[in-house]
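> Mind looking over this structure? Questions follow.
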Amino acid sequence: MISTEEAESITTLIQYQHGFVISKVMFTACELGVFDLLLESGEPLSSTTIAECLGTSPHGMELLLGACVALKLLRTERKDEQVLYGNTDLSSLCLGKSSPKSQYHHMMWFSESIYMNLHYLADAVREGKNLNEKSLNSKKFYDGIYRSEEQMQRFVSCMNGTWSLGGRDVIAAFDLSQFPQICDLGGGGGALAKECIYLYPNCTVTILDLPEVVRTAKKHFISEEEQWIHFIEGDFFEDLIPEADLYILARICHNWTDEKCAQLLTKVYKACKPRGGVLIIEMVLNEDRKGPLLVHLKSILMLALTEGKERTPSEYSTLLSATGFKEAERKKTRLFDAILARK
Ligand SMILES: C[S@@+](CC[C@H](N)C(=O)[O-])C[C@H]1O[C@@H](n2cnc3c(N)ncnc32)[C@H](O)[C@@H]1O
């Protein structure tokens, strides 16, 4: 006989074993357009109707919908002896392409690219670096993404999508009104730049990112009214960093080795105005490294895809103080931490 405690642990183990199936069920429902169809229809639909509309087999769709119900991504109701399926609040909010805080592109990015890269995880752990031909280092990772216009658009959409959920919170974590000139290094599609202007209408924001990203951002992600965001095409390791009061480094350090982070932060320190600062925005590991699980999983993704890793608060403090920044302060938001340090 196994004890209740053992039985619970075994259930957890089996759930872990199936973790990737959960992801794939959610990705597949996104890819086939289940959540979009239910959003557009405005009323719950039967499995047969959903299968017909989306051109799938009735059998496959019925099983997919069942799994989504168990995952609370869909809900059911009975009408005239029929089971009808509708979106839950969460899927209406996040999983349709046109949902207000859509994570659709992020799901597709994970499904089409990240999932495949994880196939080589054992090799990456053996070697301490990823062995995927396309992404031997972070530079090659970005070169790989930016090879096709479509992939790049998807990547920028998914970066922006994250900030539709928590962007305002990280920018509001500190009073940034003392920094009139802000430079968002690797600022991608401009989601955080827009939050800066929303919260601090008098500040100016410059984004420095790779040329292909800047062109995509301007073409697809910046509206007529948002043309006040100033863009610079460049490489933050190779090119001049413009002078500013505050530099935002959001999800940049986790892509790079300690040496590369030190190189970048040193350049930022030199370019920074006196009493200016740097705002690092990252998911941060607990000091004892026992969690959070999500941040450990992100660290694994960094190993599989880039040359970086997630870090603890003291690792960020060490990086900052080694490059001259002082008075580092950290504020937690729901998913991301904001770390502000001064020149
Ligand atoms: C993980 S994304 C984060 C984007 C954005 N900061 C955010 O949080 O949504 C990393 C960004 O750094 C940019 N990047 C990578 N290497 C770069 C380099 N050498 N110079 C400038 N930007 C770079 C990428 O193009 C991408 O936009």
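Glycine residues also receive a Cβ, built from the backbone N, Cα and C atoms like all the rest.
Just so you know, TrEMBL annotations are computer predictions that nobody has curated.
These came from TrEMBL, pasted as-is:
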DOMAIN    15-95  domain 'O-methyltransferase dimerisation'
DOMAIN    119-326  domain 'O-methyltransferase C-terminal'
ACT_SITE  His254  active site, proton acceptor
> Could you tally the C-beta atoms, other than its own, that fall within 10 angstroms of the C-beta of the residue listed as 'active site, proton acceptor'?
23
> For the domain 'O-methyltransferase dimerisation' (15-95), how many residues does DSSP put in helix, in strand and in coil?
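For the domain 'O-methyltransferase dimerisation' (15-95), the helix, strand and coil counts are 52 helix, 14 strand, 15 coil.
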